[in-house]
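Report on the following structure.
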Amino acid sequence: IAMKGQVSFGGLFSTHSSFDRNSKRCLNIDWEQLVNLQGMIYAVELINNSSSLLPNVTIGYDIRNTCDNPDVAMKQTLDLLLKFRRNDLCNSHRTISNNNHSLNQHPFLTSQLAMDDQLVGIIGAKSSRTSSDVQTILKTFTMPQISYAASDTKLTNRHRFPTFFRTVPIDNYLARIIAAILLRLNWNFISIVTLKSEYSQSIHREMMEIIKKKRTCVDENLVIPANPLEINNAISKIKSSKAPVVVLLVEENALADLLLRFQNRHVTGKTFLTSCEWNQEMWKLDRYVIGGMMGITLKRRPSLQFQQYLTEVSICNNINPSLLPFWLMFHGIHNFTDDNAQQVCQDYVKYNPDNDVRNHLQRLSYNAAYVIDAVYALAHALHKTLQCNQHICQKTPNDPEFQLAKVIENMYRISFQGMTSKDFEFNENGGPHDVVYNIVNLKWSTKHRVLRPVTVGNWTLGNVELLSINESKAGFGPYNNISQLPQICAATCQPGDYFTYISRPLCCWQCHACPYNTYSNKTNAPACKSCPLGSASSKNQTTCELIKPFELTYSSMQNVIMLIAYSITAASTLFTWAVIIKYRNTPVVKASDFVLSQMLLFGILMCLSVAPLFGAPISIFNCTITLFIFCISIAFVMSIILVKTNRISAIFKTGFIKSQKSKMLLGDRGPAILAILLTTIEVVVCVVASIYDPIKLRRQVISEQLVYLNCRSKTRLGYIVAVGYFALLCLTCVYLAFKTRKLPENFCEAKYINFASITMLLSLATMTPAYFGTVGPFQAAISSFGMIIFGSCVLCCMFGKKLYIILLHPELNTKENVM
């Protein structure tokens, strides 16, 4: 398709997607390329109608079909150069004519006559391979070339491709975007499937370099040829892999077939991330298999003006006559001849408005923006070269000073408001300065009951690189949003966790909470440490904390029973005391020494008061005061019993005190003084022990969950001396009681003193070792109940017979009976 102008832009478009080498025919119309071709014509028309861009220069065009084949593209390029540069190539018009005649014998070269205008640049080609081959010719003639789709990174080599420019970004950005998405969504455990091609392997190499620095774990890294056996083997490996994310580096024409194979092999639970455009075939796949898919596409740049332009174009008249038969056959129309093809097309469009190809072309118009910007870029560079202002160009293309090298030089200086960028300009490698990719999610549409692509974010590169994803918009199969996707591989295990490897390269791990009573206090701990006995891990399991000791309370069942027993015994003691005071002048009370009896009752109350102290929560103060009262009260009671026993023995000449000088201790005040002196010794022992060997609290670990507090001194010497002293008193009581065992039967106290002494000895012999041999509630129970039993025994033995006589048999309470 050609139009004459003062200068011409060449165009290379693959309006057919394949080429049959045997028949040398182009096959399969590429409708998107037809729209792109129309976009070039549209842009040229806009420029020619503009009063500010190339105001007095008319642009023509010569657009050729490459059939997406490098050989055809090379021949079409040569034909363009020969057509517009015949005077530069040959010296005679005859030679040019002969050359054109010979070239026109080839079916792929135009047969139009040479035009007088000048070719200033080429728009195209589509593929990187074709663009690379075409550039080898164009750089020889210093001809600028601007591609609208070639994205191979190799084309950034300015030494090899000095006149090559493009309006689309390079493939290497795809690798950076994939790595950014993986990092942004915390997808750090992946598998990669790469079908061997120059396009996909280039992205693969770049991506691997990036994700190695990001510490992304690759479980399966499969680079395979595009044959069914290798693909099926790769799918089997992906199916058995634990990696939840699969990166597919394949070309667009192979993606749908690859995903269909995943579906046929029932691969589920995978999230796919692709690097290429999608087609409608993928919308029909199973959403539970393929629903979890995210892809990267160049930003769609719809132009309402261009779409309106397409609606106004006469489809049948605008389609190249050579393409019209293919268009008709595409719509199932076969009964026509070349002569009536135009009429058949018009009739079809007229009577089938719903099937008008115009609607289809409008849907494919988004990528035409890159073609339109390519045309405008060449026009702006030419505008600068011809020194144009808003009204006129100072130079003309026929000016001897006009050189294409200056057009190429000005390519780096242009800046205009384009369709693909607000301020379009080329970078030092001939690519666009500002890059925008859309992040697209293949999401289930409940309304349409199919998978539909939804734009969920974008990746931009200008002065800074920025990835933005709206996670709430994305859906993955059964999951409503990205946050619900299971994350198998953890980036960092926090304190309180430990990690275990789950991949063969040992680069991916899972975090597990530390087991009970273990902890970890650093990130990525390989194991958790056990807490020492007596401690337990904190709530976040980052440290060990001491277990709170078990403490008895007065509301516990044990203490409730103890308090009841204590109350009954104390009440009985007070009752006895009251009776003794009331009947203090009776012979029974007088015979047992009224003062010593009151002292003994007070000592019994002291012993009983120790019981609640043993049941109280343990503290240093409680331990100290309990020890004092415990030792002093027992020593006090035993001293009184000892004095009473010795008094009876002395009366019958069997006691220790037999001298006349010492008989004063047997008077009214002597026994009381002796009992106090003997108790004072115990007080001194306790005070000295508390000063030089103070009591401290010690944690007694019983089990992982149970800890008790114990009252312990460093040497226990104070315990030993204090207990040893009242043990000596007790043994002395037993000895004296044994000596008085043959006293007259009618002497009421002798026999019961003997019972009391033996009972006290047995109580202490049982309670003392049990106290030191147990901990916690058992120790408290033995101590508290032991003291209650001790006081009860003394009370019963020493005052039971007296109460019996005083209250029940007062006739026996006579001096004669006591004597």
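Every residue gets a Cβ built from N, Cα and C, even glycine.
If you look up TrEMBL, you'll see 558-819 marked as domain 'G-protein coupled receptors family 3 profile'.
Marked as transmembrane segment by TrEMBL: 560-581 (among others).
Residues or ranges marked as transmembrane segment by TrEMBL: 593-613 (among others).
Distant neighbours of the transmembrane segment (619-643): 596, 599-600, 603-604, 606-607, 609-610, 613, 671-672, 674-676, 678-679, 681-683, 685-686, 690, 694-697, 711, 718-719, 722-723, 725-726, 729-730, 732-733, 736, 753, 756-757, 760, 764, 783, 787, 790, 794, 798; these residues of the same chain sit at least 6 beyond its ends, with a Cβ under 8 Å from one of its Cβ atoms. Look at TrEMBL and you will find 619-643 (among others) tagged as transmembrane segment.
The annotation transmembrane segment is assigned in TrEMBL to 672-692 (among others).
Distant neighbours of the transmembrane segment (717-738): 627, 631, 634-635, 638-639, 641-642, 645-646, 649, 655-656, 678, 681-682, 685-686, 688-690, 692-693, 753-754, 756-758, 760-761, 764, 768, 772; these residues of the same chain sit at least 6 beyond its ends, with a Cβ under 8 Å from one of its Cβ atoms. For 717-738 (among others), the entry in TrEMBL reads transmembrane segment.
Sequence annotations record features per position, and here TrEMBL assigns transmembrane segment to 750-772 (among others).
Residues or ranges marked as transmembrane segment by TrEMBL: 778-799 (among others). Listed as Cβ neighbours of the transmembrane segment (778-799) (distance under 8 Å, sequence separation of 6 or more from its ends, same chain) are residues 552, 558-559, 562, 565-566, 569, 572-573, 576, 580, 592, 597, 600-601, 603-605, 607-608, 610-612, 614-615, 630, 634, 637, 641, 710, 749, 752-753, 755-756, 759-760, 763-764, 766-767, 770-771.
Panel annotation: around the transmembrane segment (560-581), residues 554, 589, 594, 597-598, 601, 604-605, 608, 611-612, 615, 781, 784-785, 788, 791-792, 795, 799, 802-803, 806-807 of the same chain, lying at least six beyond its termini, place a Cβ under 8 Å from a Cβ of the stretch.
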